[in-house]
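Encoded as structure tokens, the structure appears first; notes follow it.
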Amino acid sequence: MSNRIYVAIDTPDLARAQALAHKVRHHVGGLKLGLEFFCAHGATGVREMAHIGLPIFLDLKLHDIPNTVAKAVQALGPLAPAILTVHASGGRAMLEDAKAAAPTGTKVVAVTMLTSLDASDLAETGVIGSPADHVRRLADLAAEAGVDGIVCSGEEVAAAKRSWPKGFFVVPGVRLADSVIGDQKRVVTPRAAVDAGASILVIGRPITQAEDPDAAARAIAGTL
Ligand SMILES: O=C(O)c1cc(=O)[nH]c(=O)n1[C@@H]1O[C@H](COP(=O)(O)O)[C@@H](O)[C@H]1O
């Protein structure tokens with residue numbers, strides 16, 4: 001199995017993003033570019049990063065009415081990202097239309113419950129039930145709508161994989177025992193996430209904020 005680590009390049013600074021990606025490129029399997037980067041550099045920035053030669057995960061977490069999301073996915077098509085995110089809570093029609101609008105080689109994955117939320121945050125948004133229940137419900141919806149997989153925390157991935165064996169499971173909120181946790185609330189170690197069934201891991205600050213990002217990526221890859 002190739003390297004399952006996608007490094008989250010969360011910066012609006014193109015030169016820093018390129019420098020980071022060059023440093024870690026031998027010890028990660030792909031680059032994840034998110035809102036921070038895309039708002040600053042758009043499609044041109046994504047093309048610049050693609051020159052580095054690793055698969056691109058474009059994490060824009062699209063969430064709008066079906067027509068708007070489908071048109072946005074279509075507009076991103078020429079970038080041919082390996083992976084693209086939408087929010088599962090956008091509903092069945094939005095998920096179906098996002099998948100239909102994506103290029104053949106792009107995996108559309110649906111974010112279930114952000115790893116920065118816990119049970120009390122969920123209750124505050126009016127959702128009844130535990131994070132596990134909520135993720136299960138949205139994972140079932142994503143599978144039925146025909147997208148390729150979901151994003152969930154390492155705490156839910158084993159159950160999700162049992163009910164959707166062919167799904168593609170993206171796990172962020174990954175921390176080593178001695179990592180700074182920051183704003184994440186549902187965290188697991190890289191090894192635990194892979195053992196539970198993660199297809200890929202999204203890892204940002206434990207690599208990007210390390211004194212030596214390449215050594216950090218290599219060390220994490222070595223635990224898998
Ligand atoms: O879709 C994501 O990638 C994502 C979903 C989620 O539930 N939680 C989450 O942290 N992410 C992303 O994963 C990355 C995690 O970064 P670190 O917390 O620095 O490892 C960030 O780029 C987030 O945008």
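Placed from the backbone N, Cα and C atoms, the Cβ positions cover glycine too.
Worth saying up front: this structure is predicted, and the values here are computed from it rather than measured.
Positions annotated as domain 'Orotidine 5'-phosphate decarboxylase' by TrEMBL: 4-220. The feature substrate binding site is assigned by TrEMBL to Asp10, Lys32, 59-68, Thr115, Arg175, Gln184, 204-205. For Asp59, Lys61, Asp64, the entry in TrEMBL reads active site, for OMPdecase activity. As annotated by TrEMBL, active site, proton donor applies to Lys61.
All chains included, 15 other C-beta atoms sit within 10 angstroms of the C-beta of Lys61 (active site, proton donor). The Cβ of His63 (substrate binding site) lies under 8 Å from the Cβ of Val69, Val86, His87, Ser89, Gly90, Met94, each of which sits 6+ residues away along the same chain. Close contacts with ligand 1, defined as a Cβ under 6 Å from any of its atoms, occur at Asp10, Asp59 among the recorded positions Asp10, Asp59, His63. Secondary structure at Pro66 (substrate binding site), as computed by DSSP, is helix. In the shown protein chains, 19 other C-beta atoms lie within 10 A of the C-beta of Gly204 (substrate binding site). Recorded residues Pro66 (substrate binding site) and Asp59 (active site, for OMPdecase activity) have their alpha carbons 18 Å apart, per Cα-Cα distance.
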